[in-house]
Amino acid sequence: MKIMWETAVVFCLCSLSLVSSHSRKFTTPNVTRLTDQFSKIAIENGFSRRFGAHNIQVNGSLAKLTLDKSSGAGLVSKNKYHYGFFSARLKLPAGFASGVVVAFYLSNAETYPKSHDEIDIELLGRSRRDDWTIQTNVYANGSTRTGREEKFYFWFDPTQAFHDYTLIWNSHHTVFLVDNIPVRQFPNRGAFTSAYPSKPMSLYVTVWDGSEWATKGGKYPVNYKYAPFVVSVADVELSGCSVNNGSSTGSGPCTKSGGSISSLDPVDGQDFATLSKNQINAMDWARRKLMFYSYCSDKPRYKVMPAECN
């Protein structure tokens with residue numbers, strides 16, 4: 001009887017460890033829906049096919065990006081931006097998705113290969129269970145050796161419906177949001193300034209095989225028995241300083257054509273310069289309840305912690 005009881009306890013603990021985070025019930029904070037303040041664009045108007053063109057289907061404001069054995073797929077914005085509001089509604093592949101990476105990010109690596117900036121929301125398929133996790137990261141001036149990752153569990157199932165993934169990048173701060181809830185803020189002040197992205201960037205939406213990178217050196221590679229892995233993309237919002245159109249020189253305040261005070265882009269205006277009290281409370285909720293990794297707490301990784309961690 002004792003052996004059976006101990007076996008049952010072990011089984012129970014193991015079962016608990018496999019429970020997806022989105023199976024838990026969360027009461028989410030009420031926040032302003034920033035995504036309601038910007039217009040949506042047609043995919044073809046805002047993006048070009050970056051890679052895997054045969055795995056990209058576009059129908060108006062909806063796109064489907066597919067990862068299979070032949071290739072992943074990626075879109076890149078037709079314009080480069082120096083600050084802006086960037087958002088898309090994504091629906092992730094259901095089922096076993098170990099090694100699958102869906103990325104919504106800003107980068108200028110193609111323009112500045114040795115000193116590039118990057119702001120990432122990366123959605124990582126998990127091994128041994130069907131839930132996904134959120135990873136955020138920031139690079140500036142080619143500082144790729146200093147990973148500034150922070151990782152979060154979802155509070156919903158991202159495979160069952162569309163959800164908003166948003167980046168706010170301006171001269172004040174960078175904010176990462178999921179369903180309009182801020183999960184991370186990276187300010188442009190103090191010790192953070194040396195690591196703050198400052199050059200014009202393009203927006204990318206991609207799905208790719210990240211087995212070697214995302215699953216402990218390939219321990220849990222993509223299993224193409226479950227392919228194709230399809231990511232649905234909708235309601236894309238691109239609002240900011242388009243460098244290509246000459247509305248920004250890459251320095252100074254973010255302005256629309258005209259250059260007057262009244263032409264300040266709202267993304268660099270007062271409403272977006274700081275987080276509201278409700279947004280700060282919501283971010284605190286997300287970080288307390290759902291964040292499970294921060295580079296600033298990883299002392300084994302860094303003998304000398306990045307300056308902003310101090």
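Every residue, even glycine, has its Cβ placed from backbone N, Cα and C.
For reference, Swiss-Prot has these:
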- 22-233: domain 'GH16' (DOMAIN)
- Asn30: N-linked glycosylation site (CARBOHYD)
- Asn59: N-linked glycosylation site (CARBOHYD)
- 90-106: transmembrane segment (TRANSMEM)
- Asn141: N-linked glycosylation site (CARBOHYD)
- Asn245: N-linked glycosylation site (CARBOHYD)
- Cys296-Cys309: disulfide bond (DISULFID)
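Overlay of Swiss-Prot annotations on the structure.
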residue : record                      : DSSP (3 states)
Asn30   : N-linked glycosylation site : coil
Asn59   : N-linked glycosylation site : strand
Asn141  : N-linked glycosylation site : coil
Cys296  : disulfide bond              : helix
Cys309  : disulfide bond              : helix
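There are 15 other Cβ atoms within 10 Å of the Cβ belonging to Cys309 (disulfide bond).
Restricting the average to the domain 'GH16' (22-233) gives a pLDDT of 93. When other Cβ atoms within 10 Å of the Cβ of Asn141 (N-linked glycosylation site) are tallied across all protein chains shown, the result is 16.
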